[in-house]
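Contents: one structure, followed by commentary.
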Amino acid sequence: MNQTKYIFVTGGVTSSLGKGIIAASLAKLLQARGYRTTIQKFDPYLNVDPGTLNPYEHGECYVTDDGAETDLDLGHYERFLDVPTSQANNVTTGRIYLSVIEKERRGEFLGKTVQVVPHITNEIKDRMQLLGQSGDYDIVITEIGGTVGDIESLPYIESVRQLVWDLGENNAIVIHLTLVPYLAAAGELKTKPTQHSVKALMESGIKADILVCRTEHEISNDIRAKLALFCNVKREAVIQSIDASTIYEVPNLMLEEGLDVVALRKLDLPKKAAPDLKHWNTFLKRIKSPKHTVNIGLVGKYVEMQDCYKSILEAFIHAGAANETKVNVISIHSEYIDEINVAEKFKDLDAVLVAPGFGERGIEGKIAAVRYVRENKIPFFGICLGMQMSVIEYSRNVLGLTEANSTEMNPETKNPVVNLMESQKTVTDKGGTMRLGAWKCEIKPDTLAYKIYGQTTISERHRHRYEYNNEYLDALQNAGLKASGINPDTGLVEIVEVEDHPFFIGVQYHPEYKSTVVNPHPLFVNFVAAAVKTRKK
Ligand code: GLN
């Protein structure tokens, strides 16, 4: 197949309808039918990437192998498809403007007035086709962030209109995701918001080919017929997306509704084989009928908002399925943990994960948490800041360096067991300047890490500025905190572990970004297994 086909997904009525999950589910079905499919997201905000955003604003920042700091929807794409994404899969308005303005400064538009139409829209169109032109994909699904009608979304909507016109109706289609709310007082599902949102889309020159309607109740045939008539789509193109108990059920729901078949028909593509979802359905069965249950504490400071730890929560679902175990993740605010209340707070926990994070708030609680689980032999898993906290805890309570700290928290500390790399010391810009993306790590034999990975060379994704300070390596190792994984290029310690403990491991990188349905991450799988093994009955 030479012509890459494009599917655009827009959203109407309200945000948070789950465009990312619908896009990922459709992609999953198309992939399972044998189409090489990828998904990209265009976000309408002016940050060049979400790396500088507070997690409370936009949820977790997801990191790709090539070191792009991206929207958390890319995590869903990878978890569903098991295909890595890259910087090209996430573009923001900030990035578009930056590149147009840089071109203007270089004189690439010399003599011309640079305008939203055509310069910004052309830049958007070029980027929308970048992955398609790589030759790696038969179908590219593009999710447009925001809601139709927003001022910010206009250049994207106009670019989609032009692309459908340029490429032809059978090569580019639009799926519009809307809400069909249920009014309890009237006891009815209401179609008007959807009608208005489709009208707003039409005013911008776009005719939706498929409507995906989010709903809490079954949409009757009458309502489907009404939506089709008033929104100008075929009856078969009104797709119901009813609330599901897990996001991993959505591909099957979309299959039942025929979303993939309708999309393929519009794109003039053959159905090929029925989607092969055997592995996916085994996974679903396992999460629905677990044999065991464990309670795992997630110690962090962003616990009020689930999206801040999205990839960790999903990695627990994958690892739970692998262990036929339901993992109850109990969020515990690190700011409210101390040496005195920790025993009470952790009394029902089978294992504890100390989460990534930035800044001083809540770190003493994380250190108290690590001490408690180390001394009480409760399985522990520290990620990034969580690993750094385990280094500080060990230095303070085992090595006796009572003031040990990270220079992130106390630049004047006498014992900077975690500090800035030399190359970070001159960095002043905050955006895109951390140690980002995939780095190699060599694992030492006869370690827990080796037992878990079963190989000596691994590659994992990073997002941090501070590092284990090698000046303390000998002292810490002699005292029992083993450095079991080392970056072969820089000598930086990437994994620490404590022997004589059921499971105590800290990693400087973010394994959660690489956990997928098909490939649950071995660290999470083994951590959950350890919790099952040592759990309180
Ligand atoms: N704040 C720490 C650092 O920058 C850890 C970052 C993280 O947990 N992602 O090194």
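Count begins at 1; order follows the chain as displayed.
Glycine too: its Cβ is placed from the backbone N, Cα and C atoms.
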For the ATP site that TrEMBL assigns to SER16, LEU17, GLY18, LYS19, GLY20, ILE21, ASP73, which of ALA237, ALA244, ALA263, ALA273 is also named?
ALA244
Among GLY12, GLY94, GLY357, which residue shares the L-glutamine site with TYR56, LEU385, GLY386, MET387, GLN388, GLU408, ARG465 according to TrEMBL?
GLY357
Among LYS112, LYS226, LYS234, which residue does TrEMBL annotate as binding CTP together with SER15, ASP150, ILE151, GLU152, LYS190, THR191, LYS192, PRO193, THR194, GLN195?
LYS226
Contacting binding-site residues for ligand 1, chosen from SER15, ASP73, GLU143, THR191, THR194, GLN195 when the Cβ sits under 6 angstroms of any of its atoms:
none
From the binding-site residues LYS190, LYS192, PRO193, THR194, LYS226, pick the residue whose C-alpha lies nearest to the C-alpha of GLU143 (Mg(2+) binding site).
THR194
Far apart in sequence but close in space: which same-chain residues, 6 or more away, have a Cβ under 8 Å from THR191 (UTP binding site)?
VAL180, ILE223, LYS226, LEU227, PHE230
Around CYS384 (active site, nucleophile), which residues of its chain at least 6 apart sit with Cβ under 8 Å of its Cβ?
PRO356, GLY357, HIS462, ARG463, HIS464, VAL507, GLN508, TYR509, HIS510
DSSP on GLU143 (Mg(2+) binding site), three-state: which is it?
strand
Go through LYS190, LYS192, LYS226, HIS510, our recorded positions, and report the one whose Cβ sees the most other Cβ atoms within 10 Å.
HIS510
Fewest neighbouring Cβ atoms within 10 Å: which of the binding-site residues SER15, THR194, GLN195?
SER15
